[in-house]
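Down below is the structure, laid out as structure tokens.
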Amino acid sequence: MRSSCVLLAALLALAAYYVYIPLPSAVSDPWKLMLLDATFRGAQQVSNLIHSLGLNHHLIALNFIITSFGKQSARSSPKVKVTDTDFDGVEVRVFEGSPKPEEPLRRSVIYIHGGGWALASAKISYYDQLCTTMAEELNAVIVSIEYRLVPQVYFPEQIHDVIRATKYFLQPEVLDKYKVDPGRVGISGDSAGGNLAAALGQQFTYVASLKNKLKLQALVYPVLQALDFNTPSYQQSMNTPILPRHVMVRYWLDYFKGNYDFVEAMIVNNHTSLDVERAAALRARLDWTSLLPSSIKKNYKPIMQTTGNARIVQEIPQLLDAAASPLIAEQEVLEALPKTYILTCEHDVLRDDGIMYAKRLESAGVNVTLDHFEDGFHGCMIFTSWPTNFSVGIRTRNSYIKWLDQNL
């Protein structure tokens with residue numbers, strides 16, 4: 001009996017050691033976040049083991065674990081019709097809310113899920129619940145795009161998928177089929193999905209027939225640049241779940257089919273050092289010393305290497321492509337973008353990407369709403385149901401849907 005108690009105490013201590021990580025005092029539901037982070041880290045470690053044994057790619061294994069516990073079939077309710085179909089060969093899940101009696105034509109949001117271009121699905125419960133709620137509360141048609149993921153495809157194929165599906169949906173006969181008002185269609189996404197939504201919005205500015213097709217864009221803690229991994233938020237939240245800095249850098253390398261040997265060099269900005277001439281013209285477009293307010297910059301200092309590793313950009317030129325990093329787009333591209341909503345979270349390495357993009361868009365004359373949550377963390381908006389229900393998740397979701405309701 002005594003030995004059993006000792007063993008139990010040891011196991012509990014070990015579990016507590018694995019679960020506990022230091023967190024900012026202001027973050028929402030810290031112990032729940034620790035448990036969520038421990039679960040995700042455990043899944044990552046299992047997938048890495050599977051990869052090291054040569055059984056499968058670690059991202060395929062990790063995504064299998066993630067989607068196995070939450071993927072669900074298209075299930076309609078009295079208020080929302082849900083169907084799986086494809087738009088020009090791209091899988092989508094369509095959520096049709098009931099039209100308002102006084103408005104026979106409905107609004108619509110094209111939604112792109114997050115997951116580092118490699119994980120998650122439009123069909124997992126988190127996104128299914130979010131889009132169902134949006135369709136019901138907005139009386140709208142929500143098109144959730146099931147774009148292809150790394151390692152099946154790499155940049156820019158994910159962008160091609162969302163553009164193809166969106167162009168198909170915007171055809172007059174398709175909008176008519178779903179009873180959607182062509183003047184009230186928006187694009188939205190979270191995290192990597194926010195990146196793809198921003199890229200799509202910019203790509204549409206190059207095509208005259210598509211230039212004014214989208215009424216708005218709503219970007220939720222979007223990832224927008226891969227040039228500077230030492231913005232104040234990257235420095236402040238480098239170890240904060242669920243997106244530590246080294247994980248974000250690896251997602252970028254996965255997206256570009258790059259070499260993990262570059263991770264440490266990129267973390268200290270060796271890929272965009274002063275001797276990398278190809279990056280020189282782009283630095284001013286994300287100069288956080290001028291784009292961020294003093295309350296955000298605090299006492300953080302820029303990390304700018306005099307000499308670095310020019311080989312990184314030579315091997316991965318996509319790092320400097322605005323299609324991958326919408327924050328570095330030219331001014332005239334930004335000027336053509338529609339009304340924009342950007343949601344940022346204080347405890348997120350991507351916080352400053354969103355704030356800088358809002359500033360650049362504002363300077364370009366775009367109507368921008370920046371919605372910042374002091375207790376938010378990356379990914380929080382989809383965590384609204386037990387056992388992963390966070391107070392900030394519910395508040396961010398409600399604020400996001402309220403803005404869409406008022407502006408779409």
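Any Cβ shown, glycine's included, is placed from N, Cα and C.
Annotated in Swiss-Prot:
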type	residues	note
ACT_SITE	Ser191	active site
ACT_SITE	Asp348	active site
ACT_SITE	His378	active site
CARBOHYD	Asn270	N-linked glycosylation site
CARBOHYD	Asn367	N-linked glycosylation site
CARBOHYD	Asn389	N-linked glycosylation site
TOPO_DOM	1-4	topological domain 'Cytoplasmic'
TOPO_DOM	26-408	topological domain 'Lumenal'
TRANSMEM	5-25	transmembrane segment
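Summary for the recorded positions Ser191, Asn367, Asn389: the Cβ-based neighbour count within 10 Å is maximal at Ser191. Separating the Cα atoms of His378 (active site) and Asn270 (N-linked glycosylation site) is a whole-number distance of 25 Å. In this structure the alpha carbons, written CA, of Asn389 (N-linked glycosylation site) and Asp348 (active site) are 18 Å apart.
Of Ser191, Asp348, Asn367, all annotated as recorded positions, the residue with the shortest Cα distance to Asn270 (N-linked glycosylation site) is Asp348. In the predicted model, the topological domain 'Cytoplasmic' (1-4) has a mean pLDDT of 62.
Separation of the C-alpha atoms of Ser191 (active site) and Asp348 (active site): 11 Å, rounded to the nearest whole number. Counting only same-chain residues at least 6 apart in sequence, those with a Cβ under 8 Å from the Cβ of Asp348 (active site) are Tyr221, Ser233, Ser237, Thr240, Leu243, Gly376, Phe377, His378. The 10 Å shell around the Cβ of Asn270 (N-linked glycosylation site) contains 20 further Cβ atoms across the protein chains shown.
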